[in-house]
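So that you can see what the record holds, here are the features copied from TrEMBL:
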- A:6-27: transmembrane segment (TRANSMEM)
- A:34-54: transmembrane segment (TRANSMEM)
- A:60-82: transmembrane segment (TRANSMEM)
- A:94-114: transmembrane segment (TRANSMEM)
- A:143-160: transmembrane segment (TRANSMEM)
- A:190-211: transmembrane segment (TRANSMEM)
- A:217-235: transmembrane segment (TRANSMEM)
- A:242-260: transmembrane segment (TRANSMEM)
- A:266-286: transmembrane segment (TRANSMEM)
Amino acid sequence: MGRFLDLTLAGLTSGAVYAAVALALVLIWRSTRIVNFAQGGMMMITTFLGYTVVSHGGSYWLALAVAVVAGLVLGALVERVLIRPVAKRPPLDAVVVTFGLLVGLQGVAGMVFGGTPQSYPPAFGIAGFQVGGHQVLFSPNDLWIVLVVLTVMAVLAVVFRRTSVGLRMRASAFAPEVARLLGVRVGRMLTVGWALAAVVGAVAGVLIAPSTFVSPTAFDAVLVFGFTAAVIGGLDSPPGAVVGGLALGLVLSFVSGYLGPDIVTLGALVVLIVVLMVRPHGLFGAGTRRRV
Amino acid sequence: MTETQAPQGETRRPPLWLRSTLLRHGFWAVLGLAGFWLLSIALDPFANLQLAQIAYTAIAVAGLTVLSGLSGQISLGHGAFVAVGAYTSALLLENAGWSLAPVLIVATAGTAVVGALVGVAAARLRGPYLAGATLALAVGLPSLADYHGLRDLLGGANGLIVSPPVPPLSLGESFPLERWQSWICGICLVVVLFLLANLSRSRLGRDMRLVREDEDAAALSGVPVARTQILAFCVSAGCAGLAGGLFAIVNNLAAPGAFTLALSLSLLTAAVLGGLGSLAGAVYGAVIVTLLPTWSTDLAQQANLPRAVYANIPLVLYGLVLILVILAFPGGIQSGVRRIGRLLRRNRKI
């Protein structure tokens, strides 16, 4: 029972991070109908920048701030330079471009930072809390991770539902032509959407870095998990991303605990295939109805 | 059917070997074999090994080009199929002691079956969903080799050692092994290209193009959309499986480290670079992605660059090539070649 509880807590913590990555993917999908396969690479670069700050004696908080600002700039830049030209082309083009950006970033990171995984300091202690004399697998740092992810989600929800920028962004995503007629700068809104998503990714990268280490390919699995979470929830649905992330975190934690940590990525593949076979547009996704 | 409408008098009928698709492809196949043979006897052993690598890479890329170019589906996970073929071959060659030809056939067929399974899932998925599922396949499947229940069978992270194929005695005592390896790969490449070229001209190939252009229209005109998509996955996975089998006997190894995301990526790069949908493009693409790492390493060593830099040059170049080709030259190399060919023909008429 203790083990089950431990695996559940660990699953919820990692699930929160997958949910954040999934949320970043969903933000981009909703605004541009593109799955950003470079998300993992962009996270990796911003986390490496944070790592540079930390390894030069900067504090955790300064590193987090640097990663967030870098994410903001990188996201906007990627949308302006790479995504805009392929936005109206066949979906294959966007997939290839974001995939190309992923490896390009991995190559550049390998050149600058080398291939050896670097350890990233956690914000708080990683020794589990004591509950009734039993040490559970849930540490102050895990609590920090969960709280940050919840805060990010709450802030995004407020931005989208209660602010005029949020309204304009939703309009640009769902009815770009109408929005344009009503005076919304649609292109600018898309850039803001990508920048926001990259910021969410940057935060997720810093949160997960202490447990995965930082290396050019360290986030490949995180990207796959985030994508899986987004697809489970339905690429269209932010609440779906959260539910999908937590569900996937739990499943993978049990797979790792009971079957072995070697096949966690395979576990994600199985979950993905099963969900897609049952619901090709995810649990919360609306999907476009095709009529013949 | 349209015989009566075709202009008869003025245009000369092309010679028979140009009129029959099968004969024309056969002609190119024989020419390809001869060219490959000439190359292999002119090159030293190391270059022969590279030739073998180019050949098996081209086989996998040709399969991918059928999938993405003809039927319009994308796979970021072809490296996983290559792994299936390589492990199948390694197990059959080493544990079961089969001879080479049946091993390669079974590796192809077995991987095609795996591809069909993936294809069943893929037929329900569109664009990014499919790309993501195949990405998960590329990252997830190789981890199976290190699973504790299979570690004894598949050799864990170290993988399986494959003993190299012995050249037949009829070729002489001192026939170089590398040349024999390149011959095996070259023959397989020509056979695969011949079959795929015919496939692309067949009814199935036309169905695939129709499905790519418009699924609804295809379904309306009686093309079984899902079956066509699954068949495309099947064919393309089979090619990747054969490439995997050849990989195993050329590198004498099947190990998870060889079938990373970077492999899937280099296959996609080759397909996009050569020109999606063109078999000739698959060959150009394979030549470039195979030689690129060697060239960049040589150049970097001459320039005294640190190891971390030149080890990553291929990755950066793959990324740049993928982005630039899609943004600026969507047709890849092959569309450039076609344009030159058209210009030459036009000039000749004048």
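Placement of Cβ uses the backbone N, Cα and C atoms for every residue, glycine included.
With a cut-off of 8 Å on Cβ pairs spaced 6 or more residues apart, the transmembrane segment (A:60-82) and the transmembrane segment (A:217-235) reach fewer than 3 such pairs and are scored as not touching. For the transmembrane segment (A:143-160), the partner stretch with the most Cβ pairs below 8 Å, chosen from A:34-54, A:94-114, A:190-211, A:217-235, A:266-286, is A:190-211.
A Cβ distance under 8 Å defines the sequence-distant neighbours of the transmembrane segment (A:266-286), meaning residues of its chain 6+ beyond its ends; these are 224-225, 228, 230-237, 239-240, 243-244, 248, 251-252, 255-256, 259.
Between the transmembrane segment (A:6-27) and the stretches A:94-114, A:190-211, A:217-235, A:242-260, the greatest number of Cβ pairs separated by less than 8 Å involves A:242-260.
Same-chain residues lying 6+ beyond the ends of the transmembrane segment (A:190-211) with a Cβ under 8 Å from its Cβ atoms: 14, 17, 20-21, 23-25, 27-28, 30-32, 36, 39, 42-44, 46-47, 50-51, 63-64, 67-68, 70-76, 78-80, 83-84, 87, 119-122, 126, 141, 144-145, 148-149, 152, 156, 159, 165, 169, 172-173, 218-219, 222, 226. Here the transmembrane segment (A:94-114) has Cβ contacts under 8 Å with residues 34-38, 40-42, 44-45, 48, 51, 78, 82-83, 86-87, 214-217, 223 of the same chain, all six or more residues outside its ends.
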